[in-house]
Amino acid sequence: MAAAVVDSPALLLLAMFVYGAGMATNLQARYAGADLATPTRRARAVSTVLVATTLGGMVGPNLAALTSGLTEALGIPRLAGPFVLAGCAYAMATLILTVWLRPDPLLLARTEEAPPAVEGHGSGVLFGTLVMAVTQLIMVAIMTMTPVHMHDHGHDTAASGFVIAIHIGAMYLPSPLTGWLVDRHGPRTIAAASGLILLLSGVVAATAPIDSIAQYTVALGLLGLGWNFGLVAGTAIITDAAPLATRAKVQGTVDVSIAIAGAAGGMASGLVVTAASYPFLAISGGILALAVVPAAVAAARKG
């Protein structure tokens, strides 16, 4: 808000850096949900956090117009409204955690004796990281270029917006079902399923006729579902594999790896489409997703 009032791009960049740190902390909430749950309900706890994220993502944009009007009435630039809303939301979250998160998990962890190291934990962390990084890279790459591809072939923003809305819904809304499946069948099985779903998504997207909004919608819905399977399963794997003493550090490092993979997917997607085509990008992403399947089989044998 201050950056908008004083018209300072530098201050805006600083604010976005802090905002990004807040988003990273928000992503850590799914690990907190897993840590506080029993092992047999761990994935369902992760899914509960993701559903809460979905609700916030659905309500927040609808409040943007209201907050923009309020800030404009106060003499603050209209586009600063959503940032004011975000600041208030973060302040409320801080208050809730400060007042109700008792006992402090960090202090509790310090008083508990760390369990002995278990062989195979390192490979579990690597596998969980691979699952989430690969699914993130593929999801971002295909999602980024689908609206561009649709626009280039005559579809309007309403059509691409509908496709992306279905995609976002598929990323989060199936979380309760995904959590139940992970707890029932194991995270490695669901991780392998995520690779197969992403392959199917790539095939559907690559073969979509230019005028078929329905097929693009199905492709992006499958893309979101495959990402959801990978995220919930990967989070459960990381939580199970990381020792208590270093769990927070490991989880933070994993999320950095996921962010880097997503950034790489976004940057590479445009280059691939320019050098080849959108269908090539989609089918290549689907084939890359298959890397998760043999990794899951190998991890299951070690487990």
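The backbone N, Cα and C atoms fix where each Cβ goes, glycine too.
Unlike curated entries, TrEMBL annotations are predicted automatically.
Note that the structure is predicted; figures quoted are calculated from it, not measured.
Per TrEMBL, domain 'Major facilitator superfamily (MFS) profile' is recorded for 121-303.
The transmembrane segment feature in TrEMBL is assigned to 12-33 (among others). Tertiary proximity for the transmembrane segment (12-33) is limited to same-chain residues at least six positions away from its ends with a CB under 8 Å from its CB atoms, namely 2-4, 45-46, 48-50, 53, 83, 86, 90, 105, 231, 235, 238-239, 247-248, 251-252, 255, 259.
Residues annotated as transmembrane segment in TrEMBL: 45-67 (among others).
Beyond its flanks by at least six residues, the transmembrane segment (79-101) meets 1, 4-5, 15, 19, 22, 56, 60, 63-64, 66-72 of its own chain at Cβ-Cβ distances under 8 Å. Residues or ranges marked as transmembrane segment in TrEMBL: 79-101 (among others).
The transmembrane segment feature in TrEMBL is assigned to 122-142 (among others). Residues 171, 187-188, 191, 194-195, 198, 201-202, 205, 219-220, 223-224, 226-227, 229-231, 233-238, 240-242, 250, 254, 257-258, 260-266, 268-269, 272, 281-282, 285-286, 288-289, 291-292, 295-296, 298-299, 302-303 of the same chain, all 6+ positions outside the transmembrane segment (122-142), place their C-beta atoms under 8 angstroms from a C-beta of that stretch.
Under the heading transmembrane segment, TrEMBL lists 162-182 (among others).
Marked as transmembrane segment by TrEMBL: 189-210 (among others).
Residues or ranges marked as transmembrane segment in TrEMBL: 216-238 (among others).
For the transmembrane segment (250-272), the residues of the chain that approach it from at least six positions outside its boundaries are 24, 27-28, 31, 125, 128-129, 132-134, 136-142, 144-145, 148, 238-239, 242, 280-281, 284, judged by C-beta separation under 8 angstroms. What TrEMBL lists as transmembrane segment is 250-272 (among others).
Under the heading transmembrane segment, TrEMBL lists 278-300 (among others).
Confidence for the domain 'Major facilitator superfamily (MFS) profile' (121-303), expressed as mean pLDDT, is 91. Comparing 162-182, 216-238, 278-300 for CB pairs under 8 angstroms to the transmembrane segment (189-210), the maximum falls on 278-300.
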